[in-house]
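Chemist: Pulled these from TrEMBL:
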type	residues	note
TRANSMEM	12-31	transmembrane segment
TRANSMEM	89-110	transmembrane segment
TRANSMEM	117-145	transmembrane segment
TRANSMEM	165-185	transmembrane segment
TRANSMEM	218-235	transmembrane segment
TRANSMEM	247-269	transmembrane segment
DOMAIN	309-344	domain 'EF-hand'
DOMAIN	349-384	domain 'EF-hand'
TRANSMEM	440-459	transmembrane segment
TRANSMEM	471-496	transmembrane segment
TRANSMEM	508-532	transmembrane segment
TRANSMEM	544-563	transmembrane segment
TRANSMEM	570-589	transmembrane segment
Amino acid sequence: MPHRVNALPRPFFFFIFLLFLCGLAHGRFFFGNQSPPHDVAVISDGVYVGPHNSTAPHLALKLLNGSLSGEADGACEETYGFLPCTSSVLGNLFLILVYGYLMYLAATYLSNGSELLLEILGPGIVGGLFLPILGSLPDAILILVSGLSGSTETAQSQVSVGMGLLAGSTVLILTLIWGSCVVVGKCDIQNSFAIDNKDTKGFSLTGSGVSTDIWTSYAARIMVISVIPFIIVQLPQLLNSNLGKDIAVLVSLIVSVALFISYCLYQVFQPWIQRRRIAYAKHKHVISGILQHLKKQALGKLLRDDGEPNEEIIKKLFHVMDQDGDGSISYSELRAMIVGIRFDEIQLDRDDAVGKVMEEFDTSHDSRIDFQEFLDGISKWIHEAKRLGDDSSNNDPHTMKFLFDFHSRTKQEHDLLGAGGQSDEIIEGVENPKWTTFKAVLMLLVGTLIAAAFADPLIDVVDNFSSATSIPTFFISFVALPLATSCEAVSAIMFASRKKIRTASLTFSQLYGSATMNNVLCLSVFLALVYFRGLEWDFSAEVLVILIVCIVMGVFSSFRTVFPLWTSSIAFLLYPFSVALIYVLDYVYGWS
C-alpha cells in the first residue's frame, strides 16, 4: 500500500510560493526604434525607451488593465490570472511535469488519508464508499474541469483531454501496471497455487507467477459489467444514425450512475458476504475432517459393498462417541470428538464448529443427537462428499478415494476465498484515534484542494503544449496524465512485491476496482458534461479501446486465479496496441 504522509513537505509550500511569484512579472518583447504602445508607462529602470534609445535591453512591466501589443503571436493566458504560462515547447513540458507532480501529490494525500480512515472506521463504509470515490477523485476533477472551461466551443476542444485521461488511466492500470504486478509478485507455482515468499524458478513462464483469491475474479467480472454504459452511448454510432444521440447519452448517464451506486453498495456489504462464504467453507472442511476421522475409526468400512453408508459400523461409532451411554450425543461429547481431530490446514474456532454440527444434526432441537439423527447426518455428508469429491476414478467403497478428493477441494476452496490467518497488513489497533482522524481529514482536504486548484492549469498547459508541438491533446492526456493522477501505479507494484497470495489478491482487486470506478464514476462526470453542456460525443475509437482492454483482461481474469508469468506479456502488449489502434482509427480512417 502507499506510504503514509505524516506532514506536508516544506518543499511543497516553497514551490507554491515560487509559482505565485512567477505570475507577478512577465518578460515582454522589446520594440526597438518603434514607438512603445500607449499602455507602457514605465520601464524597469524608469527611463523611457524611444527611437533614440533603442538598444537598452530593459524589462518592461505590464499594467494590470492591458496587454502589450504584438503579444498575440505566441501569447498565452495565465490561469487564475497569475500562474505562469508559456508558448514554448520546453516551457510547457516543464509545467506539465510540475502540475503533474502536484496532481500526483494530491492523489497520494487522498490515498493516505483514506487509509487512515480505514484503520478507524473499518472496511465497510470507508472501503465501499470513500476509498473508491477518493481514488478516482483526481481523474474526475480533471475531467470535470476539461468540460467546464469557457464557451461550448472551448469545452468541446478541451474535453478530449478528459476522454484521453479516462481511456489512458483505464488502459494503464490494466496493462502496464497489471503486468508489472505479475512480474514483481511472482512466486513458484505448485499444484495450481503460488507458494508465498518462494521464488526459486526465476523467470519461468509457466512455473512462476501469482495466485489470487476467488473475490479477485469477482472484481474482474464486475469490471466487465461496468463497460455497459460505453456500449449504450455508442449505439447511435453503431447504427450509423445521428438520431437519438442525446437520448443515448442520457440513458448511458443514468445507467452509469446506477452502476456506481450498486458498486458502492456491493463494496459496503462485501465484508459480510465474505465472512459468510468463509464460514461455510470452513464448515465444509470440518465435515471432511470428521468423515476422514470416522473412516479411520471404522478401518475403512464406513461404506457397504454397494457404496451406501454402513449402518452397523456407523452405529458402533455412535456408541463410541456416546461416552455416558444414554443413547444420545451431547454438546460436550461432540466437542470432545472434534477437539481430537487435527485441523492443521486452517484456523478453526472449535466451539463454532461444534455449534454448526449440532445445529445441522439436531433436527429435533433438543440439544442432543440421537442415533437416527446421527445416521441421517453422516449419510448426508457422505453423499455430498461423493458428489463433490469426484469418485468416478475409483468406485471401490473400501478405499473411498472421494473422501480425500473432497478434503482437498474444501482446503482449496478455503484458500481461494482468502480465508487464511490474519496477515501483517491487518492493523491491530489505532493509537490516539482523535489525532488520527484529524490527520486523515486534513490529508483528504489538502488532497482535494490541490486537485481542484491545479486541474485547470494542467488542462491549459496540455492544450498549450499540444499547440506548440502539434501533438493531439488526446495522446498527451492518454500517456502523461494517468501517470500523474494514478497513485495506484507505485503502490500496487510495491504491494505486489511482498509475494503473498493475500497481497496479490488485494493488489489486483484494487486494480480492477480502479478500472471499475473509471468506468462508472469518471464516465458519469464525463457524460453529465456532454449532456448538460450540449457537447458532441465523438469518441468511437477511444471507447473501442476501453472496451477491448476491459473485456479482454476482465474475461481473462474472471475464470482463473493463477497467473503464470507468461500472462504478463498479454497485458504489456495491449498498451502499445491501444495507442496504435486509436491513432489508426482517428488519424488514418478519421473515425472521430
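Every residue, even glycine, has its Cβ placed from backbone N, Cα and C.
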Chemist: Under 8 Å, at least 3 Cβ pairs, sequence separation 6 or more: does that hold for the transmembrane segment (165-185) versus the transmembrane segment (247-269)?
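Modeler: Between the transmembrane segment (247-269) and the transmembrane segment (165-185), which are separate recorded stretches, there is no contact, as judged by 3 or more close Cβ pairs.
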Chemist: State the residues, same chain only, that lie 6 or more residues beyond the ends of the transmembrane segment (440-459) and have a CB under 8 A from a CB inside it; answer 'none' if no residue qualifies.
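Modeler: Sequence-distant neighbours of the transmembrane segment (440-459): 5, 8, 79-80, 83, 95-96, 99-100, 102-103, 105-110, 112-114, 116-117, 120, 134, 137-138, 141-142, 144-146, 149, 158, 161, 481, 484.
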Chemist: Short question: which residues 6 or more past the ends of the transmembrane segment (508-532) have a Cβ under 8 Å from it?
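Modeler: Here the qualifying positions are 132-133, 135-136, 139-140, 143-144, 147-148, 155, 159, 162-163, 166, 169-170, 173-174, 177-178, 181, 210, 212, 215-216, 219-220, 222-223, 226-227, 229-230, 233, 246, 249-250, 252-253, 256-257, 259-260, 263, 267, 486, 488, 492, 495, 546, 550, 554, 557.
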Chemist: Answer yes if the transmembrane segment (247-269) and the transmembrane segment (544-563) have at least three CB pairs under 8 Å among residue pairs 6 or more apart in sequence, and no otherwise.
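Modeler: With fewer than 3 qualifying Cβ pairs, these stretches do not touch.
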Chemist: Looking only at residues six or more beyond either end of the transmembrane segment (544-563), which have a C-beta under 8 A from one in the stretch?
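Modeler: Distal contacts: 166-167, 170-171, 174-175, 178, 182, 189, 192-194, 209-214, 216-217, 220-221, 223-224, 226-227, 230-231, 416, 508, 512, 515, 519, 570-571, 574, 578, 581-582, 585.
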